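Colleague: Structure incoming, see below.
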Amino acid sequence: MASSMAATATLSPPVLSAERPTVRGGLFLPPSPATSRSLRLQSARRCGISPATRKPRSLPRAAKVVVAVKADPLKVMIAGAPASGKGTQCELIKSKYGLVHISAGDLLRAEIAAGSENGKRAKEFMEKGQLVPDEIVVNMVKERLLQPDAQEKGWLLDGYPRSYSQAMALETLNIRPDIFILLDVPDELLVERVVGRRLDPVTGKIYHLKYSPPENEEIASRLTQRFDDTEEKVKLRLQTHYQNVESLLSIYEDVIVEVKGDALVDDVFAEIDKQLTSSLDKKTEMVASA
């Protein structure tokens with residue numbers, strides 16, 4: 001019987017001299033950290049592992065994150081005298097670069113038609129035969145430039161600002177172009193372009209006696225000249241245009257680019273395209289080097 005008990009004792013697993021969890025006052029007290037470490041070491045030796053030679057587990061390296069930084073879209077202002085071809089060039093710029101084309105005049109008419117707060121205020125002045133205050137127009141322009149499409153695609157501000165006070169108001173709002181395109185056309189050519197224009201009252205189409213004459217005699221017989229397309233009126237408008245440009249030079253002199261507008265349409269756009277591409281490249285380089 002004794003030998004049987006001895007054999008049984010020999011087969012029993014060794015008892016580790018470790019602290020057992022105790023309960024005091026209803027609280028569970030785990031073994032001390034030193035005792036827990038002792039248990040782990042004993043377990044490792046039983047499995048034939050030497051703690052001294054055990055390789056530490058290597059931590060994964062931090063993944064390298066590459067973020068592609070994109071330059072802000074182009075912000076362009078364009079100005080030109082009456083009949084300088086500005087409208088045609090705006091369409092070409094918009095088509096190639098996808099910029100949001102914003103004309104202050106069109107914007108004003110749209111706001112009035114929509115009955116917006118700015119439109120209602122502007123209409124009150126126009127009905128009295130007064131100029132719409134800069135404050136109202138600047139606010140319209142600002143709100144349009146802050147729309148998501150203009151922020152995402154970039155913008156092309158057509159014929160605005162026209163005065164020093166308007167430009168300063170935009171500067172105060174931190175609205176500034178990357179490039180200001182100024183179309184330069186000789187006065188005699190501008191006068192010729194304006195004075196030769198004719199309106200078809202039936203279709204609303206604009207013709208030019210020299211550059212785009214009517215298709216037939218029937219159309220030619222009904223063409224009329226608009227009241228402000230006379231030589232006297234156009235010269236007054238040119239004088240106002242040059243005064244406006246002069247007032248803007250001090251603000252935008254570092255971004256103004258003069259483009260000769262007396263060449264063929266495609267040649268004029270080729271020069272504008274070159275300037276816009278250069279401006280976009282500079283923006284990209286600045287972002288890459290930041």
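Keep in mind that glycine also has a Cβ here, set from the backbone N, Cα and C atoms.
From Swiss-Prot, for reference:
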REGION    1-37  region 'Disordered'
TRANSIT   1-61  transit peptide
COMPBIAS  1-10  compositional bias 'Low complexity'
BINDING   ALA83, SER84, GLY85, LYS86, GLY87, THR88, ARG193, ARG197, ILE206, TYR207  ATP binding site
REGION    103-132  region 'NMP'
BINDING   ARG109, GLN130, LEU131, VAL132, GLY159, TYR160, PRO161, ARG162, GLN166, ARG226, ARG237  AMP binding site
REGION    196-229  region 'LID'
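Can you tell me where each of these features sits in this structure?
Modeller: Reduced to three states, the DSSP call for ARG193 (ATP binding site) is helix. Take the CB of ARG193 (ATP binding site) and look out to 10 A: across all protein chains shown you find 21 other CB atoms.
The helix, strand and coil residue counts that DSSP assigns across the region 'NMP' (103-132) are 22 helix, 1 strand, 7 coil.
DSSP assigns ARG237 (AMP binding site) to a helical segment in the three-state reduction.
A mean pLDDT of 93 is what the model gives for the region 'LID' (196-229).
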Colleague: Please identify, from the binding-site residues GLY87, PRO161, the residue with the sparsest Cβ neighbourhood, meaning fewest other Cβ atoms within 10 angstroms.
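Modeller: Result for the binding-site residues GLY87, PRO161: minimum number of other Cβ atoms within 10 Å at GLY87.
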Colleague: Write down the Cα-Cα distance for GLY87 (ATP binding site) and PRO161 (AMP binding site), rounded and given in Å.
Modeller: 16
Colleague: Which whole-number value in Å describes the distance between the Cα atoms of GLN166 (AMP binding site) and ARG193 (ATP binding site)?
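Modeller: Counting only the Cα atoms, the answer is 29 Å.
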Colleague: Helix, strand or coil by DSSP: which one applies to GLN166 (AMP binding site)?
Modeller: helix
Colleague: In terms of DSSP three-state secondary structure, what is the assignment for ILE206 (ATP binding site)?
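Modeller: For ILE206 (ATP binding site) - judged by DSSP and reduced to three states - the answer is strand.
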Colleague: Translate the DSSP assignment of ALA83 (ATP binding site) into the three-state scheme.
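Modeller: Once the DSSP labels are grouped into three classes, ALA83 (ATP binding site) ends up as coil.
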